[in-house]
Ligand code: DQA
């Protein structure tokens, strides 16, 4: 099973960015733990702050992965293009968010991705990613 985690804008700042919301762990450290936990799964990680790069990565993933865990970050709430990219690929995409976006500002309540996602995991901190991977493994 090959799973790609894609993180959108500002998620390269995890650990430093608003730690009261997103925690104090870097994604790189967390990713190392994920690889240890899911030893039999081929996990890859990609982050970009650029909308078009995220879109292109989703297209590429369609050829080479079984599923994507996508945190579109702020583009979740703004990008028709990112939503269309999720719709355009045939592998399943699970949308995740670290924070509970529904408990935050109104503009975070809408997602252009959710309609095309296999499912949505929101508000469990970095554990949201674990839960998404576990779902993919359950379906094997
Ligand atoms: C986020 C929630 C988004 O609203 C925000 O713009 C982010 C992170 C989360 O994981 O909680 O950058 O996707």
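Placed from the backbone N, Cα and C atoms, the Cβ positions cover glycine too.
The number of other Cβ atoms within 10 Å of the Cβ belonging to residue 22 (active site, proton acceptor), over all protein chains shown, comes to 19. Mapped onto three states, the DSSP output places residue 22 (active site, proton acceptor) in helix. Sequence annotations record features per position, and here TrEMBL assigns active site, proton acceptor to 22.
Among the features that TrEMBL reports, active site, proton donor is placed at 97. A sphere of 10 angstroms centred on the C-beta of residue 97 (active site, proton donor) encloses 21 other C-beta atoms. In the three-state DSSP classification, residue 97 (active site, proton donor) falls within a strand.
Residues annotated as substrate binding site in TrEMBL: 71, 77, 84, 98, 99, 108. Taking Cβ-Cβ distances under 8 Å and a sequence gap of 6 or more within the same chain, the neighbours of residue 108 (substrate binding site) are 76, 77, 101, 102.
Secondary structure at residue 17 (site 'Transition state stabilizer'), as computed by DSSP, is coil. Here residue 17 (site 'Transition state stabilizer') comes close to 10: these same-chain residues lie at least six apart in sequence, with C-beta atoms under 8 angstroms from its C-beta. Positions annotated as site 'Transition state stabilizer' by TrEMBL: 17.
Less than 6 Å separates the Cβ from ligand 1 in the case of 99, drawn from the recorded positions 17, 84, 99 in sequence order.
Largest Cα-Cα distance over the residues recorded as binding substrate, namely 71, 77, 84, 98, 99, 108, equals 24 Å. Cα spacing between residue 97 (active site, proton donor) and residue 71 (substrate binding site): 6 Å, rounded to the nearest whole number.
In this structure, residue 71 (substrate binding site) is part of a beta strand by DSSP. Each of the binding-site residues 71, 99 was ranked by the number of other C-beta atoms within 10 Å, and first place falls to 71.
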